[in-house]
């Protein structure tokens, strides 16, 4: 313990403050890693049996039962399926859009905490670099104060602070960035599987809407009742228009007719 205490307090108050900040970042990273291990379990994201239960209910037209199956097991998959079921009356395109929106929303929700691991992994080396810079400033200050006659003992404290904080920053940053990469790939895999299961569960909606109409389902011919005939206004008779008489034919020129004979 004495060796660890020497390392912690060797950099003075500035080094101690930087190490405490790195310790806080490491505790936060450890909490986030444990939280994501519990959150990104397969059964938490994709409960077993929900997809099949919803599909069977939709095949038989039992929409309330499909809705209840989703609500019994709250999860990412259930949220996405509920979005699709809510839009089934507006056509398959709206169902697909609702599923895509639900997947995007849940993916962003899962990535929100994982992004903090990336932030910690990027900040920790900068904090360690801050300790490195302050340590080197302290070391060169000793050299300047002694007018170039500073010995190794005078420079040791500043160099010690510079190295300790740098190592501390790397110790925090490397596991944080590694955990971020692993959890991000895990989220991508689970979201892709959720999309596949949602398409499989909601396929009966597409099949039902794409089914052609049966020959016997055509609407019957419209019949006119006597009441509708009485209620209809009478139609006016159409007067027939006689064609105009043809003009008399012109007489052709020729011999004049013979005169009438006188009675004998």
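Glycine too: its Cβ is placed from the backbone N, Cα and C atoms.
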Which is it, of 12-34, 35-57, that TrEMBL names as transmembrane segment?
12-34
Of the ranges 59-83, 84-108, 159-183, which one does TrEMBL list as transmembrane segment?
159-183
Apart from its near flanks, which chain residues at least 6 from the ends of the transmembrane segment (12-34) lie with a Cβ under 8 angstroms of it?
113-114, 116-117, 120-121, 123-124, 127-128, 130-131, 134-135, 138, 157, 161, 164-165, 168-169, 171-172, 175-176, 179
Using DSSP, tally how many residues of the domain 'MotA/TolQ/ExbB proton channel' (93-193) sit in helix, strand and coil.
95 helix, 0 strand, 6 coil
